[in-house]
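Participant: Here TrEMBL flags 25-478 as domain 'Major facilitator superfamily (MFS) profile'. Summarising the annotation, TrEMBL assigns transmembrane segment to 76-100, 107-126, 132-153, 165-190, 202-219, 286-308, 323-344, 351-374, 386-405, 426-448, 454-474.
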Amino acid sequence: MFFRPKTYSARYPQWMVGRPLLYMSSALASLGDAMFGYGQGSIAAAQVQPSFIHRMFGKEVTMAQIQAGQTGVDPFIQAITVACLNLTALLASFIAAYLCDLLGRRMSVRIGGVMYFIAALIQVFAPNLGTLIAGRCIQGLGVGILSMTVPILQCEIAPAHARGLFVSIEYICLNIGYAVSAWVGYGFFFAMPSEISWRGPYIVQAAIALILIFWTFFLPETPRWLAQNGFQKEALITLADLHGAGNVSDPKILATYAEIVAAVEFEAHMGQASWRQLFTQYTRRCVVGITCQMFAQLNGINAILYFLPSNLTRAGFTISRSLLYSGACALVYCSGTIPAMFLIDKFGRRAFLLFGSLALAASLSIVGGLQYYADSLPLGSARVSAADAIFFGVCLYLFFFGATWGPGPWLLGAEIFPLRARAKGMSLSTGTNWLFNFIIAFITPPLFNAINAGYYFVLVGFCIISVIVVWFIYPETAHHTLEDLGEVFGDKVMDDEGHAREQAERSANAIQRERSGLPVITDSEVTLQPSTFTTPAAKDEASTVMKERSSVVTIASDV
């Protein structure tokens, strides 16, 4: 197509080749998720500031009124202000499916960063609620693109045995973003009554976006996207630079490259999966991709995070103390991701999600029961002990969510779909996240207003349901390469798939035997083992690259 890149260049410096390039690519691409986490915290902190409430909702309120929950702000208007971002993120996650395949992973990250930067500037200078909502809607477009693209990028550059680690790096960056926003919000709180107390955090948000945009000019494209789009030589070089310290003759690099080329050959004959094929051929994968993100929201995380300072204020803390404790909760949330980084690949996805659902149900039951007790006490010092216990319960919840249902759904959504359906599958999974994110953000203020602590027990019910769904539907995907997950899910074989596989094998065999100076073998000699018929091509490509690397550092490009 017209917009599809014709050339590609790797602009990263050679001293980064190897592990530094791999881990920096993972961490800095994850700034996209860090910005989403930052956005969650900045809007949460703003909602308990008198100057923000006056500017956006036209209500003159005191700190005491905010602490008592008597701001006079319509809970549905408050819900729209928070949730509007999720609707545009939902839209963008589907648009990103096409951007990601057409322009590449790194260009999609760049576009998301630019939109985030524009949105931050609008919110810095927002004179009224309409402008703020417009800024949040644009921010949602950036968040939707980044939340769909970054997990795919992570899975496609990660070694097969460490996909959980790499997506956990992404998720801990999201949590760090939330933690940074919580502490930035707490610091700017002391600038009251100046409006810089809530505008300041958006300035920091714009700076983070600029860092991400800058890094995308050095970020390598994923080897799988390069191979799929005709950049086979560049795919091998990038694979070697990420995993083999630049050695394109490394046997492990050649084996991985052979698998990728085989999958691309096969899927080229099959063509890109349509939305209909996504549901008919990859039915179980779709169910897993949809439900994992659905329960990530219904298990209550954004009911907690979007309104954390408000929830802690409701529990009985002063506003300054609720902002301080929000920062402490954010650090606990970050620490929860550490077990997932090192254990989710070892023990598997199912075990983590099953344990997580039970732990979240227990934590929410503690918080809900304590909130019922706190509501029976008068405002003031009488609530302090109950508020401290609620804070402990929230910390438990955030730790267990950060370790299980936080990174788990993003990992599953990015790894379970084959290359021909990965962008659409991930957009479907991410779109589900944003749909239910919107639902939770929209219903939480009125439900807290209507049933108070009872809302926590509604979330407990969803945690229990998620245990049943994971137990009966989710297969274990750990310890498999992206290319061999079809056997795990038992995909339905389409009528034309067998013919397409045969055609791919014939084509690959003819080309690769010719390159090796051997006669083309007959159909009866063709096997269905990609590693067998692609290795000569991989070695041939490696030989060519080794000759060229001594004199060619980069390949000219405008991408």
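In case you wondered, yes, glycine gets a Cβ from its N, Cα and C as well.
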Participant: Which one, 165-190, 286-308, 351-374, has the most C-beta pairs under 8 Å toward the transmembrane segment (426-448)?
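Facilitator: Comparing 165-190, 286-308, 351-374: 286-308 has the most Cβ pairs near the transmembrane segment (426-448).
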Participant: When only pairs 6 or more apart in sequence are counted, do the transmembrane segment (165-190) and the transmembrane segment (323-344) reach 3 or more Cβ pairs under 8 Å?
Facilitator: yes
Participant: Can you name the far-off residues of the same chain, 6+ from the ends of the transmembrane segment (132-153), with a Cβ under 8 Å from a Cβ of it?
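Facilitator: For the transmembrane segment (132-153), the sequence-distant neighbours (Cβ-Cβ under 8 Å, at least 6 residues beyond its ends) are 25, 29-30, 32-33, 35-36, 39, 43, 56, 80-81, 84-93, 95-97, 99-100, 105-106, 108-109, 111-116, 118-120, 122-123, 126, 167, 170, 209, 222, 410-411, 413-414, 422-423, 426-427, 430, 433-434.
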Participant: Which range wins on Cβ pairs under 8 Å with the transmembrane segment (351-374): 107-126, 286-308, 323-344, 454-474?
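Facilitator: Counting Cβ pairs under 8 Å, the winner is 454-474.
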Participant: Take a look at 107-126, 286-308, 386-405, 454-474 and tell me which one has the most Cβ pairs under 8 Å to the transmembrane segment (323-344).
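Facilitator: Of the candidates 107-126, 286-308, 386-405, 454-474, 386-405 scores highest.
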Participant: Sort out the residues at least 6 away from either end of the transmembrane segment (386-405), same chain, that have Cβ-Cβ distances under 8 Å to it, and list them.
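Facilitator: Answer is 171-172, 175, 295-296, 299-301, 304, 308, 311-312, 315-317, 325, 328-330, 332-340, 352-353, 355-357, 359-360, 362-364, 366-367, 370-371, 373-374, 377, 466.
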